[in-house]
Amino acid sequence: MGCCGSTERAKREWKPLEDRSCTDLPWFLLFTLFCIGMGAICGYTIVTGGAARLVFGYDSYGNTCGQLNEAIEGVRLSGLDHRDRKYVFFLDPCNIDLVQRKIKSMALCVSLCPTEEMRTYADLRRFAMSNSESHTSQRKPVSVFFSAYSALFCPLSPASSLCSKALPVFNRCTPVDISCYSKFAEAVVTFVSDNTVLHRLIAGVVASKEIIVGLCLLALVLSMILMVIIRYISAVLVWILTFIVVLGSLGGTSVLWWLYIDHRLTMNETVVKDLKEASKDHMQALLVYAISATVFTVILLLLMLFMRKRVALTIALFHVAGKVFIHLPLLVLQPFCTFLALFLFWVYWILVLLFLGTTGIPEKNEETGLTEFRLSGPLQYLTWYHAVGLIWISEFILACQQMTVAGAVVTYYFTRDKNKLPLTPILSSVLRLMRYHLGTVAKGSFIITLVKIPRLILMYIYNQLKGKENACARCLLKACICCLWCLEKCLNYLNQNAYAATAINSTSFCTSARDAFVILVENALRVAAINTVGDFVLFLGKILIVTCTAFAGVLALNYQRDYTEWVLPLIIVCLFAFLVAHCFLSIFEIVVDVLFLCFAIDTKYNDGTPGREFYMDKALMVEHQHKASNTETDCSSITVQLVASKETDLHCL
């Protein structure tokens, strides 16, 4: 369980092992116990009736609709038999505070929702009596109840909507008249009633729903195609990036020097003393900017000249990554599987959170006299436990995706004859993960959770301090948030490489992280080149997919001549296209990173001699041999110089 207490073998062959063992087993047990705790929270809400109260609804006296209830001590009209009353009727449906979980409106269980608008007290009384006929023993309390509150919630007005016709939605009587909800969205209602722009936007979406679906599918297909063909266009994208950077740096520096010279000439022609002093200040500032830009440009050009060979390695890795997707086509399904797993978990998490909102000890509100359910004592920490579960399990699912992809890519790289690859490397990687390495994934995701929770707490505090005068505290919080964000990104990258090392050697998380970190440090310049150039190429790929999808959308929507109707459909399509491209190209990025780690390991522990042959692809072999030949040439020239120096010394003697 500790980081440094590994008893694994010190010498490893650095290739996928057939004989594996479970890694980080204590963390797997801890994660299992945590998941059992998450399930126990759900079970607690179901056993205590919180789930039933959310699903079926409950009245203002703690009675669950559609059930035979037990009496609550000290609560009047509790313990009623509501088996024939399955719907919740709110006398003032606009007076419900969901954020504070306080029912400010009087609620009753009824057998039927009102089928017509109730404009008079007689209509309300008749509705009350019709909903209490089946239980004569409860008829008087219910009738008195309706009569007492009729003057407050249903005033005698033809325009009254508080007691309007209602439809049953999720066992709640929902008013048909939407003007009832003007208290929640008065500004929106005013905008809709006074402006036709929103109506036209919505109409454009409805009229173009088939086109929107088609364009979303087009973005999906383009993302899949790009993952295969990006190896052919990566070199072009890299040269475009190089051209833009060089042109931008030289152009910016030239403009600054031109402005400086222009101000200098202007200052020499200026006669007025004050204007001359002001021009001198501007000239000095421009001189500082021009010199800084010149230094930056020179350093940038030297770096690009020095790292041009490492950029070639990035292009080679992109080329091999395209081959990986050809040999392992099921990799393109990983975003779907991950999204489905996250979606199902998030739905479950939200449901349990809503169950917790209606779970707890019934308490009588002294202000309104209504009954509320609240978690008190140690039970109030269940919500925090549930919130931590959202972060840890979500990170666990994402980590499982990284481990699965890493395992498949490792299998591909360290198989010399690609025709002898396993029938389903992806499925084999999933089974290997589930059998041996769930503890490693749990530990890595927990480390990310430990960093993410403080960052989210600080973000909440930072938002609460908005508008306050304590600017220093907000600045410090912002700095802490940025530092934690950077730390989280670094840990994510290290975790991903640790999972790849685990997939190779079946070592624990900390041992794999240490080994991967050492290899990455030894290849720091290569890592920098891959992460800068590679990320920009992938970003250009995302922009390419969004642009192509938007262009196709403009052509498809061309028959709708009103430009206003184009806006919302195009925005929806572009957002979906960027999201899909990000998901798929993130898988491509993981593949590139894992390939680089395998390449670094291959070049470190193998030299191409018999018995220590390379595993790398031909494209990577060419790049490695080119680098090795340059190194050998440099070493030979150094040797010649040393020999010549020794001969000169001997001649002098």
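The backbone N, Cα and C atoms fix where each Cβ goes, glycine too.
Residues or ranges marked as transmembrane segment by TrEMBL: 25-47 (among others).
Residues or ranges marked as transmembrane segment in TrEMBL: 211-230 (among others).
Residues annotated as transmembrane segment in TrEMBL: 236-260 (among others).
If you look up TrEMBL, you'll see 286-306 (among others) marked as transmembrane segment. Here the transmembrane segment (286-306) has long-range neighbours at 242, 245-246, 249-250, 252-253, 256-257, 259-260, 263, meaning same-chain residues at least 6 beyond its ends whose C-beta is under 8 angstroms from one of its own.
Outside the transmembrane segment (312-332) by six or more residues, the chain places 224, 227-232, 234-235, 238, 405, 408-409, 412, 418, 421, 424-427, 526, 529-530, 533-534, 537, 584, 587-588, 591-592, 595-596, 599, 617, 619-620, 622-623, 626 with a CB less than 8 A from a CB of the stretch. Sequence annotations record features per position, and here TrEMBL assigns transmembrane segment to 312-332 (among others).
Annotation comment: TrEMBL describes 339-362 (among others) as transmembrane segment. Among residues of the same chain six or more beyond the transmembrane segment (339-362), those with a C-beta under 8 A of the stretch's C-beta atoms are 38, 41-42, 44-46, 48-51, 53-54, 58, 62, 72, 75, 78, 101, 371-376, 379, 382-383, 386, 389-390, 393-394, 397-398, 583.
Sequence annotations record features per position, and here TrEMBL assigns transmembrane segment to 382-415 (among others).
If you look up TrEMBL, you'll see 436-461 (among others) marked as transmembrane segment. Long-range contacts of the transmembrane segment (436-461) within its own chain (CB-CB distance under 8 A, at least 6 residues past either end) are made by residues 20-31, 388, 391-392, 395-396, 398-400, 403, 477, 480-481, 484-485, 487-488, 491-492, 495, 498-499, 502-503, 506, 508-509, 512.
Feature annotation from TrEMBL assigns transmembrane segment to 536-559 (among others).
If you look up TrEMBL, you'll see 566-588 (among others) marked as transmembrane segment.
Counted over residue pairs 6 or more apart, the CB atoms of the transmembrane segment (211-230) and the transmembrane segment (536-559) come under 8 Å in at least three pairs, which marks the two as touching. The listed stretches are 25-47, 236-260, 536-559, 566-588; of these, 25-47 has the most Cβ pairs under 8 Å to the transmembrane segment (382-415). Highest Cβ contact count with the transmembrane segment (566-588) among the listed stretches 25-47, 236-260, 536-559 falls to 536-559 (criterion: pairs under 8 Å).
For the transmembrane segment (236-260), the list of distant contacts is 283, 286-287, 289-290, 293-294, 296-297, 300-301, 304, 311, 314-315, 533, 536-537, 540-541: same-chain residues at least six beyond its ends, Cβ to Cβ under 8 Å.
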